[in-house]
């Protein structure tokens, strides 16, 4: 083996990096166990007689408080590298919301509001009629909204020009003479910017939820944003905040100078000292002592005690230059650690503060967190001046008509140009006249993004904001200024809520399936391949370690489908070694010595191993592109596992083998079992091909009949609606539940009720009010669901208890996105088949191999569809066509290719050796020679999927069942469909005639073996 040193280097490096990345997870878990123990002790000491709900509430509040107060605490040392809890938390392997509980929402940017705000006459009747028509049509399909609007406007005003609606001072991109296409291009460009603005607003708002490691995925192509919030608790508040209109405000400010400190801050600290000394501090004192605990001497502790507020503030935290003021505005009070914001807010809102500070003084935090010298997150604090008698700002974002990055014509500096309407222009002139040489703070949703100084009165509504901006910073600020333009920036078109109970069950089932599959495959390798099995097992262990390590380093979240991907990786990781070992056994059977057999086994196994991995990788990449949410986690895990399987299965296993054999020893690859199985296989598969064709024809007929008569049961992702997974203390009658829900949800179509796992868990699906919009619709439907289920719940169960204990999971999908998902799924399968066809054609240079492959894959897909159609009402678990099913089909396509490519590679190799032999003979020999590895690779995957099916839980059961069917049909089709088809396609030409320029699987000297 060449480049052994390089392989050793990468292997050791990957081991060290993986263990390093995983260490953060172990460290964080250990720290959080300690915090939970402290929170539990606090509850037992102070709330021993409280109700269970009160205890839970206090425990959660105390635990979160301890998390916040220890963010900067060092919890690990790596030589000279100290790691804080916050830093370790950012690098741990996080759990997806389906495992941790939480919610995922997909928001659609409100383009109707955007278009209306861009118009020079938002109240125009024809404009609003066209928008209403476009909204209605968008709700029933997945067409582009801007195109729908253009078509609708042509219908309501056939002779009208769009330029007449949008040209004006506020739309510098649209001229009166612009064509409709030019207007639509400008609207589309603004729509893309609206996605960025909405994403910025949502990202900022999510910080209010206290969610660790949220995941925000904007998709400009689809015009939506997916937000995943693991562990979030107040789901209704989340929905309202995410859909709320962006609130842009322009505030007058106080100038923070020495006089301000002398007049307000010093007296406040004096008052706070007395106030805190006479007040039972409880949690406040403990949190506020952050600075004191960090102090190294008694003098610092004394300063903290004498100056509670000043001890939290710093004006030079973001620079290494001693004494340099790092504040960005005259209105800035200084910087506060993010972990100290709760304490700071309590201090400035305390009775002591009210006695000293002006009644019109408010404090707002900066939107952007900065890094202090000690790497702690800090926020700038701004002093805002409210108007007498009101909490509203003098000017808000409703009057901003446009904002953009620009360059000052005199200095060339990057600036932000802002335009306002007539009302806004007058208010802006008044504000700037009264605040010359003072700052005006620009805040969005209560967070300050900029506080520029006013150099002079600004009339006419047009102004420039300068501030040593980079182009990126100027673009960000212009986006913030335009964020207030959208009347309805986003609406939820799909949501999933998972309770912590269901998440815990998914973790338990997934880990159990993973552990059992690992043990079974580990033992099987030793039983079938003797000491050679240790090579496969070492490669398997390293593959899993590297996969989890890479996932952690990428910041990926582990989901239930992700665990399914790991389980599948266990089965497929050993496939490489199975192919190699079977080839080594063949070489040994031909009389080669062990060193020579190992060398030839690895060399001759390379083409089928690479082909099998490339085809599986291609389908996984397609799944990654078309999949959503947890399915992307499965695809990511699969891709990483496939790439690492090549490294571990080929390079690491060869390294282990060579290291062992260099000491005049060798591994044994045969056992009593493996020597007897398929040793002299000589089955005449090709003679029975017409029987196989007949079976396949029957399958196709059954498929057509089943689809026509039975159809499919579509999952909620593909049909739209609302789904609720509810647990009961006693198993209710499904019919009684159906009647109660059906009566409550009239006039909606009949709900569907099915058991999930056992009779105490029901999944209830309804389309009640699914096309209605409004922030309170979900809450209304959930209350009606609770009302319908009251007779089946324990007496006295409140809605809050139902929401927390009984409702394990809920999901909402609007018809708009379900149509998108359905079409995307079809595209994914077609695209997958096309990619496979092209790859096989390039690899084998023969259209017969490509066509035979596609026929076999279509056969596998149709069989899987038949099973899901015929048995949907028979099996005791749901067989629905949804995202998980599409993931299974694409995985089956990739897996089925493994077996097919192995057979095809041997056919290609034998066609160069068996010159003059019939196609039937060549193909028969190739299938028989590869039969052992075909059965073994199928068996390893089948066993792991079977374990996943039994123990993995409801989340992955449908996926596992589809995979089980696919593994069986894939093995069958590679032997009885794909290979035999080569005989009947272009019967006059031999198999080797098209390979003159193809890469040979075995060189000429192999003919003498």
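Every residue gets a Cβ built from N, Cα and C, even glycine.
Annotated in TrEMBL:
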| type | residues | note |
| --- | --- | --- |
| DOMAIN | 195-252 | domain 'Protein translocase subunit SecDF P1' |
| DOMAIN | 392-488 | domain 'SecDF P1 head subdomain' |
| DOMAIN | 490-657 | domain 'Protein export membrane protein SecD/SecF C-terminal' |
| DOMAIN | 802-987 | domain 'Protein export membrane protein SecD/SecF C-terminal' |
| TRANSMEM | 7-28 | transmembrane segment |
| TRANSMEM | 510-529 | transmembrane segment |
| TRANSMEM | 534-556 | transmembrane segment |
| TRANSMEM | 562-581 | transmembrane segment |
| TRANSMEM | 609-628 | transmembrane segment |
| TRANSMEM | 634-656 | transmembrane segment |
| TRANSMEM | 691-712 | transmembrane segment |
| TRANSMEM | 824-842 | transmembrane segment |
| TRANSMEM | 849-872 | transmembrane segment |
| TRANSMEM | 884-904 | transmembrane segment |
| TRANSMEM | 935-953 | transmembrane segment |
| TRANSMEM | 959-983 | transmembrane segment |
Residue numbers, six or more beyond the limits of the transmembrane segment (534-556), whose CB comes under 8 Å of its CB atoms: 11, 14-15, 17-19, 21-22, 24-25, 91-94, 213, 518, 521-522, 525-526, 562, 566, 569-570, 573-574, 576-578, 581, 633, 636-637, 640-641, 644-645, 647-649, 652-653, 656-657, 667
Distant-in-sequence neighbours of the transmembrane segment (562-581), which means Cβ under 8 A and at least six residues beyond its ends: 96, 99, 510-511, 513-514, 517-518, 521, 525, 529, 532, 535-536, 539-540, 543-544, 547-548, 551, 556, 601-602, 605, 608-609, 612-613, 616, 630, 633-638, 641-642, 645-646, 648-650, 653, 669, 891, 895, 898, 902, 933, 936-937, 940-945, 947-948, 952, 956, 959-960, 963
Helix, strand and coil residues within the domain 'SecDF P1 head subdomain' (392-488) as assigned by DSSP: 29 helix, 33 strand, 35 coil
Intrachain residues whose Cβ lies under 8 Å of the transmembrane segment (510-529), provided they are six or more past its termini: 99, 536-537, 540, 544, 560, 563-564, 566-567, 570-571, 574, 577, 581, 669-671, 673-674, 936, 939-940, 943-944, 947-948, 950-953, 956
Proximity of the transmembrane segment (634-656) to the transmembrane segment (959-983), 3+ C-beta pairs under 8 angstroms: no
Mean predicted confidence [pLDDT] for the domain 'Protein translocase subunit SecDF P1' (195-252): 73
Outside the transmembrane segment (609-628), six or more residues from its ends: residues with CB under 8 Å to it: 106, 226, 572, 575-576, 579-580, 634-636, 638-639, 642-643, 645-646, 649-650, 821, 824-825, 827-828, 831-832, 835-836, 839-840, 843, 883, 886-887, 890-891, 893-895, 897-898, 901-902, 904-905
